[in-house]
Amino acid sequence: MAEGEPPAVPGVNGSIHICDFPGGTESPESHEEESSQSSAAQYNQDLKSVLVTSVLNLEELDVDLYRGTHHWVPRSQRLFGGQIIGQALVAAAKSVSDNHYAHSLHCYFVRAGDPKVPVLYQVDRTRDGRSFTVRSVKAIQHGQPILICQASFHMLQPSPLQHQFTMPVVPPPEDLLTVEELIRLYLSKPDLGEKSRQGLNKLLANEVPIEMKPVQPPHFYRLAAVEPRTLFWVRARGYIGEGNMKLHCCVAAYVSDFAFLGTALLPYPNYKAQFAASLDHAMWFHSTFRSDEWMLYECESPWAGGSRGLVQGRLWRRDGVLAASCSQEGVLRVKAVTEPSKL
Ligand SMILES: CC(C)(COP(=O)(O)OP(=O)(O)OC[C@H]1O[C@@H](n2cnc3c(N)ncnc32)[C@H](O)[C@@H]1OP(=O)(O)O)[C@@H](O)C(=O)NCCC(=O)NCCSC(=O)CCCCC(=O)O
């Protein structure tokens with residue numbers, strides 16, 4: 001990483017309950033009961049998540065037509081992909097009955113989003129079946145699509161087929177530092193260069209509505225090439241509460257795009273991204289979860305080439321249940337870093 005370049009958001013570098021979505025060997029109710037006890041202790045419930053009160057709170061303009069506004073905008077000054085996916089899923093879910101739950105979505109980012117204007121979401125009720133309901137959503141700005149999204153919803157259908165991978169063993173979030181705490185630690189280093197200090201202060205001023213705790217924080221000094229695999233705890237800031245599983249899926253969709261594509265850059269510390277943007281994003285929801293509770297995001301990049309990188313991720317509930325899986329391909333145009341430096 002070159003001097004003056006703020007680090008990529010740090011960090012992106014047991015016994016299992018198996019559970020269908022939303023029911024299974026463990027009922028949603030039992031999880032909710034457990035959650036309500038922990039949430040009462042963990043949260044000031046007045047601190048509502050801005051994701052829910054603002055970003056995902058779409059304005060209804062007409063039948064199947066919604067308008068969404070922005071909260072956090074990345075330094076690239078193009079709209080955050082996770083926000084557009086989360087809002088598209090909110091729009092899709094509006095016309096789906098309460099007993100159908102999002103189980104997957106597939107999106108293409110076809111144009112950069114403009115942070116100066118709101119986004120319109122136009123929903124097409126593609127199909128209403130007995131078990132599955134499908135919606136197609138077009139996110140539009142300046143009269144042109146910026147995202148095309150297909151989302152599918154499924155009614156609860158219990159099955160004897162149930163398996164999942166085992167969650168990686170990592171320290172609990174209580175034993176780890178948040179990204180902000182890590183940045184403050186880096187800022188306290190006496191030999192930090194002025195440009196790096198400015199970059200880190202800019203990162204601190206970012207009002208990202210997500211909290212993250214990297215499992216393996218990057219070293220203060222220049223990173224060595226590492227395997228394209230990262231683990232971090234993540235949750236939405238503020239209180240959302242239990243009960244609305246569709247909403248938790250929309251928040252998870254927002255969260256899942258954050259610091260995801262950076263995984264593909266980990267083996268290349270001698271290159272920096274000149275242009276990085278997600279091209280597509282897919283998600284599968286497997287189990288009930290609370291997006292305002294810590295979840296482990298396990299990210300890996302099985303391939304990069306031809307100025308593109310593929311990343312895959314798993315979102316784990318802290319009790320070891322696999323909540324969701326994600327895949328994304330992004331464009332990665334890089335240039336060589338000439339001078340080695342510290343963060
Ligand atoms: C740009 C997309 C991906 C399509 O690309 P392209 O067809 O090349 O679009 P153009 O509009 O023709 O060019 C855009 C830009 O790229 C330059 N360009 C094009 N080809 C090349 C090339 N072969 N070599 C070098 N440069 C090239 C071209 O000159 C233009 O540059 P400019 O003139 O300076 O603008 C397009 O599909 C697109 O933008 N899609 C949307 C992608 C997107 O917005 N995704 C979501 C946001 S990304 C995200 O959210 C991740 C954030 C993570 C936050 C975090 O983790 O911190």
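Yeah, the Cβs are placed from backbone N, Cα and C, and that goes for glycine too.
Just so you know, TrEMBL annotations never went through curation; they're auto-generated.
Per TrEMBL, these features apply:
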- 71-154: domain 'Acyl-CoA thioesterase-like N-terminal HotDog' (DOMAIN)
- 218-331: domain 'Acyl-CoA thioesterase-like C-terminal' (DOMAIN)
- 20-41: region 'Disordered' (REGION)
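Broken down by DSSP into helix, strand and coil, the domain 'Acyl-CoA thioesterase-like N-terminal HotDog' (71-154) contains 13 helix, 41 strand, 30 coil.
Mean pLDDT, taken over the domain 'Acyl-CoA thioesterase-like N-terminal HotDog' (71-154), works out to 96 on the 0 to 100 scale.
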